[in-house]
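Visitor: Handing you this structure, nothing more for now.
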Amino acid sequence: MESYLNENFGGVKPKHSSDEALGRWRKVVGVVKNPKRRFRFTANLSKRSEAAQMKRSNQEKLRVAVLVSKAALQFLHGLAPQSEYTVPDNVKAKGFGICAEELSSIVEGHDLKKLKSHGGVESLVSKLSTSESDGVDTSSRKRLARREAIFGVNKFVEAESRGFWVFVWEALQDMTLMILAACALVSLIVGIATEGWPKGAHDGLGIVASILLVVFVTATSDYRQSLQFKDLDKEKKKITVQVIRSGYRQKLSIYELLAGDVVHLSIGDQVPADGLFLSGFSLLINESSLTGESEPVAVNAENPFLLSGTKVQDGSCKMLITTVGMRTQWGKLMATLSEGGDDETPLQVKLNGVATIIGKIGLIFAVVTFAVLTESLFRRKIMDGSYLSWTGDDALELLEFFAIAVTIVVVAVPEGLPLAVTLSLAFAMKKMMNDKALVRHLAACETMGSATSICSDKTGTLTTNHMTVVKACVCGKVKDLDGVSETKTLFSELPDSVMTMLMQSIFNNTGGDVVINQDGKREILGTPTETAILEFGLSLGGDFSAVRKQSTMIKVEPFNSAKKRMGVVIQLPGGALRAHCKGASEIILASCNKYLNDEGSVVPLDKATVKHLNATIESFANEALRTLCLAYAEVPEGFSANDQIPMDGYTCIGIVGIKDPVRPGVKESVAICRSAGITVRMVTGDNINTAKAIARECGILTEDGIAIEGPEFRTKTPEEMTKLIPKIQVMARSSPLDKHTLVKHLRTALDEVVAVTGDGTNDAPALHEADIGLAMGIAGTEVAKESADVIILDDNFSTIVTVAKWGRSVYINIQKFVQFQLTVNVVALVVNFSSACLTGSAPLTAVQLLWVNMIMDTLGALALATEPPNNELMKRTPVGRKGNFISNIMWRNILGQALYQFIVIWYLQTEGKRVFGLVGDNSDLVLNTLIFNCFVFCQVFNEVSSREMEKINVFEGILDNNVFVAVLSSTVIFQFIIIQFLGEFANTTPLSFMQWIYCIFIGFIGMPIAAIVKMIPVGSW
């Protein structure tokens, strides 16, 4: 079976499956009982192609718009702006000088001519009644409401959520249930015509009631799933940006943005709405999400257009929001993309394959069963000599045979298999959300259960990301700042010129900001590293705004994980230019040829000083401190913003050591991974000594492990990498390309299932390449989050271990359910088929089979697919890439339990009357009731046995799973009601107390049988 599944259903991958592979398995599935339900959680390939077509159209539109704008520019230079635009009266009445449609046409059409005719970006700022420095005034709620009324809100039209009755209607689309409903209708007509009301209606009404019960239980389960997915979708869309409003910089959801807002964007951010560039440096925008074009676009004063949904690849800027919501091109594209849906997961596809195989077998059995039962009726009629006279009873009997055949198909086709995956994944995703992990792609849940390797960042994942400068070396003197309340006094002996230069470097060469918040308190904005250095500068008595006002910013090159440095060029009051840079200590120090001595003089760097500074860097790193070097250089005249900031010739100002403590619980989590057969590797851009110190503290770096630097790693040949990578536990000073190479080699050459963490824009390729990309929710950029499969909301490594545990739980829960369902399938098929062939009658009626189907399908999935994870899961070895889903252990359990149940049912059919001492007219009815009751209790106890596939003790933690207890209890209670009170409808008769005890005992015997079967060793046959 596994080879057939791999051949026909194995083309679908956990991520990046081709449309051809997604389409192929659908063709193999062929006839489906209920396509609406079966394919509900699969991708809509036609909508996908529609979205792709829209992207191509956008690309062409933008290309033409840019060419037209360039041509128009040649005529515009030197001409006075002329505008033929008339402001609509309703817009003018609300206090604005331009309407939403005009703004949309300027930005979406990249219309420089129209922009200039309106007086440029500065004029649009005033026409939108906003301010570049203070943003939108939020003091009046009425004014905001007027702004919303004219320009709209930044929300996209979403598909209406489907109500409960829609799911009821979809459940009714099941072909077999429709055929059964038709049988029930005929049964009602014939029954009432021959036996009158109400006696003649019992059989028909019994089938109708069973169908309705199946439909409503199925619809309830599906509706609850849809609500869980809706909650998760809301979480996925939570994106915040830095906005200036009423003079204060604050974080807002992108859905709260209005036209006129001034937004700060930095590397990795998503452009939240259409708008115009106000100010910024080195801004490169990736428009591939909108146009499919991978080449980044430079955005500046000459090309100021920013489109919603695009990503900041490099640089930073302030932008003016002009167009929001469905007026943006991104809004229109999102409406189409959302209808395309998520790719189906490999397990869903594989279980569709299992359902198809068993469905075909079931169909053959059903046809043969109907033929055999019909033949027995004809033979009896011929022997009685009544073959020419047909009564209503004969018609009803024939109809009952047909209903049994159809019901065998209902039971045999495990429609619930693929949906059990979705149920389990939805349940796990909801629970993982509570455990601070947001799953973006369904497949990530099941793939994480197979993970054999985790490549983790250091900063913020293994450490707390709460950074403080605890050591500094300025002018060759090392100062310990840890626990010192007055930092300023430590540096009091340093010359004023050195302190001035240090403040200039800290406050100008930063991606952070120091602002006064709405409470009137000072607040530092920026990454934890920037925050720590700014805090250090302020503690030395520095004044951020005063230092910034003393010079003019000419060029900014933001921090780049490939170059491991950031730099600025500023213009001093006298007109001279100066560059400041900071970054990885050894890299910046290598760019220096001078340093500031303790007298504040610039002196050449000699070997002794270089040795002393390198020893200082190493001593800081050995104490697990992040080290950064600050340096400056005088820039010759003639430097322009288009030139590159100098890479060498710097003067070293100082080195700082930043403490970032290891997160509590990380060491224990790493130990859990090791016991689970998962290798944890640290991949960081930090100094190798810092990395090794942290790795030892976390328990990642062991005696036989290797720590390597990125530059050394990338010189290795593929053959050398294959030998080296299994031993690598730490990679320091790594570039994003090194991380990508490591992940790719682990996946392809070593066949590992790899999970990778990332937070920066440059981590996107590695997150994309990995089997499971894990982005950081706090430190992560929007680009990283979009490339990831799971977002770790608290940036904690322990949460990653929780994700792995849930992944294993999903995989094993589905295996348990499949084992349980296949057992019921096999027994129900064989019992009804063999009985029909040998005795000419079926012991289980249509109503009874429908009830059994619900126990094993919807209720069984609810009970077994929602089992919470336990710590034992992390003591097993991972499944890896090549593990068989339907394992030998499962086949052993299925065959063992099916054999017991079949023997019991068959024995009761042949010897039941004698064993129970049944005599009289209704002995057949009592026996069939006993067989039905025993069969159901066999499933109830088999469900308990299926909680563990290998362990004997199946009761451990059973009371912790409320769903399991509720399903089991309701099954038993409802079974009692069916037998004792609904006999007319279900073809049963009330049983005595002792008969109930016997039935329960026969079902219970299945548990010790299951325990004995589990002791049989199975090889890898």
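Don't overthink the numbers, they just go from 1 along the chain as shown.
Backbone N, Cα and C atoms are what each Cβ position is placed from, and that goes for glycine too.
Checked TrEMBL, it gives:
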- 117-192: domain 'Cation-transporting P-type ATPase N-terminal' (DOMAIN)
- 175-193: transmembrane segment (TRANSMEM)
- 205-223: transmembrane segment (TRANSMEM)
- 357-378: transmembrane segment (TRANSMEM)
- 398-428: transmembrane segment (TRANSMEM)
- 889-909: transmembrane segment (TRANSMEM)
- 925-942: transmembrane segment (TRANSMEM)
- 963-983: transmembrane segment (TRANSMEM)
- 995-1016: transmembrane segment (TRANSMEM)
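Distances, neighbours, how buried they are, the whole picture for these features please.
Guide: Using a Cβ-Cβ cut-off under 8 Å and counting only residues 6 or more beyond its ends in the same chain, the transmembrane segment (925-942) has close neighbours at 820, 823-824, 827-828, 831, 843-845, 848, 851-852, 855-856, 897, 900-901, 904-905, 908-909, 912-913, 916, 918, 968, 971-972, 975, 979, 983, 987-989, 991, 995-996, 998-1000, 1002-1004, 1006-1007, 1010.
If you look at the transmembrane segment (963-983), the same-chain residues 6 or more away from its ends with a CB under 8 A from one of its CBs are 206, 851, 855, 859-860, 862-864, 866-867, 929, 932-933, 936-937, 940, 943-944, 947, 989-991.
Only residues 6 or more beyond the boundaries of the transmembrane segment (995-1016), in the same chain, are considered here, and those with a CB under 8 A from a CB of the stretch are 892-893, 896-897, 900-901, 904, 916, 930, 933-934, 936-942, 944-945, 949-952, 954.
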Visitor: Short question: which residues 6 or more past the ends of the transmembrane segment (889-909) have a Cβ under 8 Å from it?
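Guide: Here the qualifying positions are 815, 818-819, 822-823, 826-827, 830-831, 834-835, 839, 843, 915, 927, 930-931, 934-935, 938, 942, 945-946, 949-950, 1002, 1005-1006, 1009-1010, 1012-1014, 1016, 1018.
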Visitor: Do you know the DSSP helix, strand and coil residue counts for the domain 'Cation-transporting P-type ATPase N-terminal' (117-192)?
Guide: 46 helix, 1 strand, 29 coil
Visitor: Suppose you look only at the domain 'Cation-transporting P-type ATPase N-terminal' (117-192); what would the mean pLDDT be?
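Guide: When the pLDDT values over the domain 'Cation-transporting P-type ATPase N-terminal' (117-192) are averaged, the result is 83.
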